[in-house]
C-alpha cells in the first residue's frame, strides 16, 4: 500500500477541514503510521484472543448483521475482509493507475527490474509452499498463494525506521515492487479464489462502474454521488461470487491519472502559480488515511486473533505443514525470488541496477518484502475458511514469518545504511557492513 506523496500540496475542495482534521489526515497518511497502527491492532487481537475476554472477542467477530435479502447478512469479520478491505484495494487501484499511466512503470526498461522481482517473489514462495505441502493433501495446497503478498505498510515502516541513510531509490524500488505485487495478488484472488460466478449480478455491476467512470472522467468528485455508485458496484460484485475487493480495484482504475482541464484539481503552488493534479492524487489523499488508519487495522484486529493455547498450542501450530510452508516461503522464498529474478533480469541489455544501489541493498530489501500480512491473511481465509482446521496455522505462520523477515531485513538494511553513510563521507567502511 503506497501512500500519496506528502510533498505535494493539498488541492482545494478537500473533505477534511483545515486544522485538526487535516493534521490527522496527514498523520495517518505517513508511511510509518500505517505500519504502527497495523502492529497495534495485531498485538491487541493476539492478547485479547488469549485472555479471559477471548469468548467475547469471538462473539463480536462472529456477530452477523446486514440485509439478508441482498445476501449481505455477514459476520463482523466478513464485513472487515469484504467491506473495509475494498477501501484498501480502491487505494491500490488508484496507485496502479498512477504508476502505469504517469509513474515509474510507464517506462518498460525502468519497470523491468521491479516487475521481474515481483514475479520472482510470487513464483518462488508459491513453489516452496507447494513442495512442503505436497504430502499434506489437496486441501493444504489450496493455500499456495498465502506467501505471495507483501504488506507494504509494514515493509515501508521498517525501511522508514532503519533506512534513513539508504539511497532514496531503494524506497522507490520497494514501492514499485509493491505496485506490481498488488496487481499480481489481485489477479490471483480473482482467478484462483472465486468458487463460482453469477453472471447477472456481475453484468449489473458494470452499470454503476460505467457511470462512476464517466463521471470521474468529467471531473466529478462529489462524495454523495460517487460513494453510492461505489457501494452499488461493490454489492453487485459481492453477489456475483467474485471477491468484493475486486470492485475497489476496478473503481480505482477508472479514475483518470492525468490532469486535464476537465478532470483535474487546481490549486495554488508554492510560487503562487496555479497547478493541476490528477484525480488519482486527489482521491488517494482522501482515502489513504481511511485505508491505513481504519480499514486495514480493523481488518487486522478481527483476522489476527489466534488462540495459541500456550507453548503446547504454539508447538502444535508450528508442526503443521501449512505453517511451516508459510514461514519458509515468506522468509527464504521471497528473498530468493526477488534477488534471483533481479540478478537474472539485470543481465539483459539495457537493464541494470541503479548506480546508487548495491546487490546487498536488494538482498536486505528482499527480506523486508517477506513481510506478508493483510493480503496473506485474506488469502488464507479464502483458501481454508474462517475457523477451519488450518486457520490458526495460517495466522501463526504469517505472524512468525512477518517477525522473522522484519528482523533479518531490518538488520541488513541498518548495516547497509552504515555502509552508505561511511561511503558518502569517504571513511573506511567496517568489514561487517561491506
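Note: Cβ is positioned from N, Cα and C throughout, glycine not excepted.
Checked against Swiss-Prot, the range among 5-25, 173-193 recorded as transmembrane segment is 173-193. Within the listed segments 267-287, 393-413, Swiss-Prot records transmembrane segment for the stretch 393-413. Stretch with the most C-beta contacts under 8 angstroms to the transmembrane segment (34-54), considering only 196-216, 222-242, 245-265, 362-382: 362-382. By the count of Cβ pairs under 8 Å, the stretch nearest in packing to the transmembrane segment (112-132) among 196-216, 222-242, 245-265, 362-382 is 362-382. As a quick check, the transmembrane segment (393-413) and the transmembrane segment (74-94) miss the bar of 3 or more Cβ pairs under 8 A, pairs 6 or more apart, so the two do not touch.
At the 8 Å Cβ threshold, with sequence separation of at least 6, the transmembrane segment (196-216) lacks contact with the transmembrane segment (74-94), having fewer than 3 such pairs. Same-chain neighbours of the transmembrane segment (222-242): 15, 70-72, 82-83, 86, 90, 190, 194-199, 201-202, 204-205, 208-209, 211-212, 215-216, 248, 250-251, counting only residues six or more beyond its ends whose CB sits under 8 Å from a CB of the stretch.
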